[in-house]
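Q: Okay, here's the structure, questions in a sec.
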Amino acid sequence: MEQQKIPQATAKRLPLYYRFIQNLSLSGKQRVSSAELSEAVKVDSATIRRDFSYFGALGKKGYGYNVNYLLSFFRETLDQDDITRVALIGVGNLGTAFLHYNFTKNNNTKIEMAFDVSEEKVGTEIGGIPVYHLDELEERLSSDIQVAILTVPATVAQSVADRLAETNVHGILNFTPARLNVSDNIRIHHIDLAVELQTLVYFLKNYPQ
């Protein structure tokens, strides 16, 4: 299987499939059809079959998909046996919420440390996660932390990203409105909640169901 030939849109849907398949396995279900998957994850059946076709024969016509096989396959494909260690920068309201949540439903993803400049927060633990001063960023980030979550003010987002580029971080989940410029070896996913909300409102007004 050549991962580079899988469309990015398909890759983004894989965790969604995996989560639903996990729930099916926990409920004791042995097999599932593409129609059942479609109803659960709100992706049309043709798209699901096309997504799955990139990985070869995952199911049988007239039978559907074996739940345990899919679970094992996607677990390996998504590297669920490898721990992803994450650093969070910016312990405001959103950052604090992340620390309390800490991906409790994803056993392979864990925020290990956080950074801020607030004297009230530095030196404390939030959700069991230590908060260090931002000045200690390069010193504290260990080589096994390759992902960072940015929840800092937009005005400092680029400078923080520049510093992260000098570490072993290769992925940034950016929750600030700033559009960051980084080297090609760092992948950034931008999540602007205000833009998402505006988009939702636009669709509600212009594409009524």
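Cβ atoms are placed via backbone N, Cα and C, with glycine included.
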Q: Quick test of your reading of Swiss-Prot: among 16-55, 96-135, where does it put DNA-binding region?
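A: Of the candidate stretches, Swiss-Prot labels 16-55 as DNA-binding region.
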Q: Averaged over the whole of the DNA-binding region (16-55), what is the pLDDT?
A: 90
Q: Quick one: what's DSSP say for G95 (NAD(+) binding site), helix, strand or coil?
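A: Its secondary structure by DSSP: helix.
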Q: Other residues with Cβ within 8 Å of the Cβ centroid of G90, V91, G92, N93, L94, G95 at the NAD(+) site?
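A: Same chain, not in G90, V91, G92, N93, L94, G95, Cβ within 8 Å: T96, A97, F98, D116, T151, V152.
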